[in-house]
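Annotated features in TrEMBL:
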DOMAIN    13-361  domain 'Kinesin motor'
BINDING   Gly116, Gln117, Thr118, Gly119, Ser120, Gly121, Lys122, Ser123  ATP binding site
COILED    904-938  coiled coil
Amino acid sequence: MRAKASDMHSKDCVKVAVRVRPFNKRERDAGSRCIVSMVSSSITIQDPCESQSRRIFCFDYAYWSHSSFAQDRGGLYVPEEPGGRYADQNSVFQDLGEGILENALQGYNATLLAYGQTGSGKSYSMVGYGPNKGLVPKLCDRLFQAIRENQDTRQCQVFFSMLEIYNEQVVDLLSRASRTPGGLRVREEQQRGFYVEGLRTVPCDSAAQVEQLMEQGTRTRTTAATNMNANSSRSHMLIILQLKQIFSKESITKQSNINLVDLAGSERQRSSGSEADRLKEGTAINLSLTTLGNVISSLADVAVGKKVVHIPYRDSVLTKLLQSALGGNSRTVMIATLSPADICYEESLSTLRYAERAKRIQNRAVVNESPTERLVKELKAENARLLQRLSRLGQEGRRANDETKELRQLLTHNELQIRAIQTLWEQHLQEALKDWEQQYANITQERRMMQMHPYILNINEDAQLSGVVKLFIQEGDWDIGLCDSSPRSISIKGLGIQERHAVFRNEQRRVTLTPLAGSKVIINGNAVFQTETELQHLDRLILGSNCTYLFVGYPSERGGDDWSRYDYDYFQSELAAAEGIHLGESSAESSQTDPSLLAVFYDYIKLMPMVAEANQMSQELNKGVQFKLEIKNLALSDSKGHDLQKEIVVRVTSLGRKQVWMWSKAKLVNRKFLMEEAYQQHQVETSGDNRVEALSTAAVPRDKDPFWDPVEPVLLGTAHLWLQSLAFRIPLEEQLEVLGSEGTEEAILQAQLVPCTSTGLPMGEDDILIDPSELLGRRLDFQLVLEQCCGLRWIREARNRGVQIGFRLFNCSQPLYSPAVWHNVNPLLDHRVHFASLHTSQRLLDYLQSSAVVLELWGLQEGCTDLISCLEGVRMTTEGIFIIEEAGPTDTALVDSAERSCSVRALQQDLEELKSVNASLRKENQSLREQLNAARNGGESVRGRSVRPSCDAEFARALKVFYHSMTSVKGQLQRLRRHRPSEESDLLGLRLFVDEQSRLLRDFSEQLEQSVSTLKQDVAAIVRRKRERSGIWS
């Protein structure tokens, strides 16, 4: 091909459009607020945590599809008012699709990339749903319309190809042959650049034929995703339309490639804390998307004049195929889709940044035109050169097998190209039409069967792939499973599917399902074991780990039900409910579910199928590892008593060695992709005759095994020791329940808070304070004593384990740990830590009166190292006392001058007030002296002088008794909060629960009333005695 001279040096920047979709069900339920605004082509996104933090982006096109729309009678989404701001499918096509079509007709290569997180609206913009057709079908309609309008001046030929890239493997979605192991190869040719060898290209002469081919490709994609255990949101789909225009009068041929690319979901998994997986994230699964980002960043740097040594096109399959679209010979448009919800802030901001980099890329698009016969001559000349090289290699007698093989492959490929060019277009088209007619006949047969028989319909996480596969259940018994040899079998593939998995029976218009031994079958969220179950219309079936189907009954049973609500999330919600995880369970009294709980619920149901698949792979690979979802911090709170942020974690247990790991959501997602690679490799090794011998080949080096990690300490639970008593210098001794993440009791911990002197001697009752403010500016010493742990469930499960207690106090940046104790269910800790405040501030007093020290129980495992206290930045005395607060010259120097002047003024006011008080006290003192002199004997005077100290001591003792009684009241309240009926409780069980709850409430009420009553009586007695003694003076 040659380019027009006028186009050789032209540069085109990648055009970037951004589209904002409406809230989905999850975001509406969570009460999400919109954080994205749009003015013209400018988009502003606001940080939901910081209202003043805003980012502004400008793009070539911006489409507001979030609100201000309505649905007409035909099902089309249109603006509520004519000329409204809502951007419908037509608006998007007029700007983007028409431009792509015009470029293709002019002879340019054109590319459309759809980018965004899973569920952000990529597929809706590209393909559409129902009557709301997306860019691809609209583009095909307009393309063939343009061909018909220009058929007098040119002959047009259209070829259609459809492929998928998953795990760096290319799958031909239109291929009639069985799938090639490892996928199709991507080759490079000097003229064509990178291309997929053996990719089927189908001639088309109508938009209807293209639509049918897309349906065929989608069906293949669905089946492949099930067979490979692949996640469609992690795969890239490419549709390639080759447009060849032959201008007979000018003897010119223009050839354009239209690449329509639906990229994999771009979401970033948020990892909890600073966790980093020892195995690289994503591996081949994420390689294409990661490399695409690197290519875009490099090209953006080139566009602004930076020197870039290498652009990594060759690092992934996707970037090889998109080389011309990014920085090459193509006019390219990217549409970035995003959610405006606050819960998607990080992903949406990432998408906008990605799109901003992409718009800087400069391409060099040229019109691809050539004399019609020139390509054939060039190929023949190249073949002649190849034959000469082969002949020369043979004469020299060198052993160049590899080079000879490569040359013969190129020779064969060129001959195929020559034959393809010389074959008449009509012959290609006739062959394609025969295939199309066969496919149309199959579709017609399927529609006829749908009106005669019940069937099961596949449900996929990707809505585009749901409802594609229909498996009909005709009269009689039908085995369903891997087997396909029997004429009365329904063949399905997937994780956990047995050779004969279950039996469908269709008799007298009644359909039943019977699971066979060892197979996993779930109906409407409940597991079924070898019992015949009658199926009702719209029952939900899960076969194996995660093959999800919707049962559709006989036509007479199908009413006007809305089938669309039975989506993938519905299936997983049913499973979660069966496990006791209900949406909004903890907020029954409120009309709206807590958004944080809702986010956790959706994370839970999203990860459930991944955990089921991981467990199945572990079982088939003989790994002996079990995965279980848990809700972290479900029943835990911080040092102020506020609920901690809840998130999903995965408890991973090695059943043989009793080792436990806690994985974050991000780590599970990454590891599952690595598990898939190991599992697929195992499937290849165990295929055919080697099936039995290769069972042990799943073993890989331990450091590369995605099912294994080095053992590490595990956080088992926490307990709260409230510090309020220290503000009054009252000692506290408690038995604390250590609660696990989900509220289970892990142990009982005996702990004390002991006010003491600077030498560590406990203080007595005379040192108790009535007013905590008396501590201001004074030294405060106390000891935290961890005495014993009782009933450790962690060690009861495996005796080769140990525990440590971790805690941090006030402004300690790093936690302190007790020494490790091993192999004992009721270990003595006998750990004592002395803390001191050299100059007690109001901030420390506020902390003591409103906070608790959170005692963390850490589980140790054989092979892991003990947790060590980090003393960096911690000040200690030579006696080993931890200083939690001190005042010195440095602190004074940090005070702002304005604050100092305010303090001086306040002190002057206080001084004046104190002078006034002092004067009045002097008068009162003089009066008291006169009363004392009038007393009848000196003994009573001595008795009078000790009134205030003795009353203060009595009041302090009363407070101490009250604090101790309130400790037991607080424990009773905690028991009430945790007391819940069992999930399996029947009516009798519920009655027993109500009786027990009434008893606990009665005990709690009595204890609280007794504590308050005792305090009132003690205070009244103290006041009465004080008045009596005061009466002696008068």
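Just so it is clear, glycine is given a Cβ too, placed from its N, Cα and C backbone atoms.
A map of TrEMBL features onto the structure.
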{"residue": "Gly116", "record": "ATP binding site", "Cβ within 10 Å": "28"}
{"residue": "Gln117", "record": "ATP binding site", "Cβ within 10 Å": "21"}
{"residue": "Thr118", "record": "ATP binding site", "Cβ within 10 Å": "18"}
{"residue": "Gly119", "record": "ATP binding site", "Cβ within 10 Å": "22"}
{"residue": "Ser120", "record": "ATP binding site", "Cβ within 10 Å": "26"}
{"residue": "Gly121", "record": "ATP binding site", "Cβ within 10 Å": "21"}
{"residue": "Lys122", "record": "ATP binding site", "Cβ within 10 Å": "28"}
{"residue": "Ser123", "record": "ATP binding site", "Cβ within 10 Å": "22"}
Q | Cβ-centroid neighbourhood (8 Å) of the ATP site, Gly116, Gln117, Thr118, Gly119, Ser120, Gly121, Lys122, Ser123 excluded | A | Arg21, Gly265, Thr337, Ser339
